[in-house]
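Per Swiss-Prot, the features are as follows:
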- 1-15: signal peptide (SIGNAL)
- Cys36-Cys68: disulfide bond (DISULFID)
- Cys116-Cys147: disulfide bond (DISULFID)
- Asp145: active site, nucleophile (ACT_SITE)
- Glu178, Trp179, Gly180, Glu181, Glu182: substrate binding site (BINDING)
- Asp200: active site, proton donor (ACT_SITE)
Amino acid sequence: MVKSPGTEDYTRRSLLANGLGLTPPMGWNSWNHFRCNLDEKLIRETADAMVSKGLAALGYKYINLDDCWAELNRDSQGNLVPKGSTFPSGIKALADYVHSKGLKLGIYSDAGTQTCSKTMPGSLGHEEQDAKTFASWGVDYLKYDNCNNNNISPKERYPIMSKALLNSGRSIFFSLCEWGEEDPATWAKEVGNSWRTTGDIDDSWSSMTSRADMNDKWASYAGPGGWNDPDMLEVGNGGMTTTEYRSHFSIWALAKAPLLIGCDIRSMDGATFQLLSNAEVIAVNQDKLGVQGNKVKTYGDLEVWAGPLSGKRVAVALWNRGSSTATITAYWSDVGLPSTAVVNARDLWAHSTEKSVKGQISAAVDAHDSKMYVLTPQ
């Protein structure tokens, strides 16, 4: 039940009422690969591929349109209008199709006068109307960007859409995208289900690693219902090696980031599928305890990331950011285990288990690669 504004419960966590985001969202978004080149055929084919390739069964449920899906101007009633040339059937028909596959449809708007592409209107001043439109179409997720915002603080603009979505009559996941500018981790849990902590990612090692670091400092603010978002996945887009993409996916999973695929899944190669479909890594991301793992130890370019899981287990990643193979060691004292603990160590990428490990775990890790483990006390 939604409490009325002003009551303590409402102030503390207004969006618990939508019941969404108890684990980080999983799915796909059009922006990283397609930018403004999206149409209803692409969205339908992506939904088909999500199911036929087995990704939907692994938890990838959201099929999200990003910028450029609407006409430049609203209609005579002030409503957003899907672009006739690219979405001739309209968004409701598209949502119906996506829902028929057992998936959910996401859409995009902006807390400003226009979206970032300037090819369609933003929702500033139209929040109630647009939220009702999205609900009437059967939309399940809204990414809400931060361009052309008239220099009004996001702390003022985003709660208006948050309340509009709560009043829309439909449960809609609310993804804040103000790029971490006003430290949303400190205030957005009352407003949305996820919040970007960084500027946009691009498909490069330097961008990916810097997003991971920027996101990491906010780890303590994440939890069920509200997640830090270091931006969408670049896995499969070609700008990094398979090794680097493995690190990207491992750290995003450990950090409880939204796992939103950003490549063309219709034509992804086997290596990309192997990364995105690792059920053991996904299980770390989706663990019901919902504690964001973080960087616990650094030895120059060698890093240990770790976080607790349900059942007294611990997830650990050994990440080599250097240019040559090196041995990385995680000591129990660094990862939150009692020094006397004896664990079974499951290697999530090799799919093998080492039994009765004491005190520490070490591995030789190739340049830019990572090893990922779940440690289960005996």
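Each Cβ is built from the backbone N, Cα and C atoms, and glycine gets one as well.
Measuring Cα to Cα from Cys116 (disulfide bond), the recorded positions that fall within 10 Å are Asp145, out of Asp145, Gly180, Glu181. According to its DSSP assignment, the residue listed as 'active site, nucleophile' is in a strand. A Cα-Cα distance of 27 Å separates Cys36 (disulfide bond) from Glu182 (substrate binding site). The substrate site, placed at the center of the C-beta atoms of Glu178, Trp179, Gly180, Glu181, Glu182, has further neighbours from the same chain whose C-beta lies within 8 angstroms: Asn146, Pro154, Asp183, Pro184, Arg196. All chains included, 22 other C-beta atoms sit within 10 angstroms of the C-beta of Cys68 (disulfide bond). Neighbour count (other Cβ atoms within 10 Å of the Cβ, all protein chains): 20 for Cys116 (disulfide bond). Less than 8 angstroms from the CB of the residue listed as 'active site, proton donor' sit Trp179, Asp231, each of them six or more residues away in the same chain. Cβ neighbours of Glu178 (substrate binding site) (same chain, under 8 Å, six or more residues apart in sequence): Ala111, Asn146, Pro154, Tyr158, Pro184, Trp195, Arg196. Under a cutoff of 8 A between CB atoms, and with a sequence separation of 6+ in the same chain, the neighbours of Asp145 (active site, nucleophile) are Asp67, Tyr108, Ser109, Asp110, Ala111, Gly112, Thr115, Cys116, Gly122, Cys177.
All chains included, 14 other C-beta atoms sit within 10 angstroms of the C-beta of Glu182 (substrate binding site). Each residue contributes its Cα atom, and for Cys68 (disulfide bond) and Gly180 (substrate binding site) those atoms are 23 Å apart.
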